[in-house]
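In what follows, a structure is listed as structure tokens, so that the remarks can point back to it.
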Amino acid sequence: MIKFALALTLCLAGASLSLAQHNPQWWGNRNTIVHLFEWKWSDIAEECETFLAPRGFAGVQVSPVNENIISAGRPWWERYQPISYKLTTRSGNEEEFADMVRRCNDVGIRIYVDVLLNHMSGDFDGVAVGTAGTEAEPSKKSFPGVPYSAQDFHPSCEITDWNDRFQVQQCELVGLKDLNQHSDYVRSKLIEFLDHLIELGVAGFRVDAAKHMAAEDLEYIYGSLSNLNIEHGFPHNARPFIFQEVIDHGHETVSREEYNGLGAVTEFRFSEEIGRAFRGNNALKWLQSWGTDWGFLSSEQALTFVDNHDNQRDMGSVLNYKSPRQYKMATAFHLAYPYGISRVMSSFAFDDHDTPPPQDAQENIISPEFDEDGACVNGWICEHRWRQIYAMVGFKNAVRDTELSAWWDNGDNQISFCRGNKGFLAVNNNQYDLSQELNTCLPAGEYCDVISGSLIDGACTGKSVHVNEHGYGYIHIGSDDFDGVLALHVNAKV
């Protein structure tokens, strides 16, 4: 009986920990993460204070923070080839990182670090030098900056069969030296690295290539981490938020269900299906059942996105900034529909898969510059600064904890719905106008469309909609309008 009670206690403790790892630790009603891909720490700190906090963003996913190999031309993916756990990259050093985390936490913006637990750098001719000056010999699996040696890695092999669990989890993903997370020593180094970031005030981690590591090894590592640092405003006993990169199209040998009990999982099917719909390859009317009916994970387990730094570079159904009208419609739907833990992308311009972030002649990452409207102009795309996107972050905050209701569609690609009595969204992806009296579910009054403009000094700078005492308003979205979406909420009432 004593053994049974102890086993039950340990089981419940494990379940409690994994449940806690689904909590993003947001402030107030904020509930959207932005990925400031390849930004410098000093620029993120300023962005938290001057833009993200005033507009209600909840958190920032940052690029990998630990030392990486220096590759010719400085492609973005060099950040995913670590050679030590020293906190020095082209984004800045440890002091600058710590300053950024503190300043962002001070204004209610949580920081989530993209972490590389699966591997170290791939092969390199001779001695490689990292961004902190550390030398390594990746071809010999020698990384003295940790230190790691060959005994800390799985034997080298190539993934040739993605239906072979052994290959997926113990061979080398695109040639990257595959760490043995079952080793006590490797586990200790990974835990030490993550705990240091927790000490500096981060709220959690995006775990890169999670499906290439055994779930039981990750469970041990996550369960061994420290609680979040209360000196950065986290409650006592708060656990780091975990979201794991698991690409699962529904027929994978290693499935997302092996990981969703440990933390949230990146829902790639969401990205693919929302792209198909807003590219016109699937009628928007079918989105009424969006979510688990589409085979997605449950809402609290799914990290959702229109695109990410990887799949925005691939051909196919996924939308990116290069299709701005459809991209903004898809993002508006993403942030308005009550499903998932939402993340929006903030990119830099690219012409090919390997394009580096904006950099100067000395290959230093440059800071974003802004025009008079606040949009980025020097190679940074900054989708999060597009009015149509940051306005929907405010919409999502305004309607938090409300249900979807009053769905309407025209049987094709015009849809609308309410979020309780706090918000209304309409979308027109047809080649003809949407002109219709629709139920907005809002209290009577005049409302600004936050897509086409803003509420400033008691007046709308874009479209406005009069809502009658029954909650109905006349909605017009022309087929040739700049944006194919209209959004109203209670905080944009004149």
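Backbone N, Cα and C define each Cβ position, glycine as well.
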**Item:** Per Swiss-Prot, the disulfide partner of CYS104, chosen from CYS48, CYS157
**Value:** CYS48
**Message:** Quick check: of ASN105, ASN118, ASN260, which does Swiss-Prot put in the same Ca(2+) site as GLN169, ASP178, HIS212?
**Reply:** ASN118
**Message:** So CYS448 is in a disulfide according to Swiss-Prot. Which of these is its partner: CYS441, CYS460?
**Reply:** CYS460
**Message:** Of the candidates ARG165, ARG256, ARG269, ARG343, which one does Swiss-Prot list alongside ARG206, ASN308 as binding chloride?
**Reply:** ARG343
**Asked** Given the binding-site residues ASN118, GLN169, which one has the fewest other C-beta atoms within 10 angstroms of its C-beta?
**Response** GLN169
**Message:** A 10 Å Cβ contact count, applied to the recorded positions ASP178, ASP208, GLU245, ASP310: which residue has the minimum?
**Reply:** ASP310
**Asked** Excluding ASN118, GLN169, ASP178, HIS212 themselves, which residues in that chain have a Cβ inside 8 Å of the centre of the Cβ atoms defining the Ca(2+) site?
**Response** HIS119, HIS154, VAL168, GLN170, CYS171, GLU172, LEU173, LEU179, GLN181, ALA209, MET213
**Complete:** With neighbours defined as other CB atoms within 10 A, the best-packed of the disulfide-bonded residues CYS157, CYS441 is CYS441
**Request:** Do me a favour and check the Cα-Cα span between CYS441 (disulfide bond) and GLN169 (Ca(2+) binding site); whole Å is fine.
**Result:** 50
**Message:** At a 10 Å cut-off from the C-beta of HIS212 (Ca(2+) binding site), count the other C-beta atoms across all protein chains.
**Reply:** 24
**Message:** Spatial neighbours of ASN118 (Ca(2+) binding site) among the recorded positions CYS157, ASP208, GLU245, ASP310, CYS418, CYS460, defined as Cα within 10 A: which are they?
**Reply:** ASP208
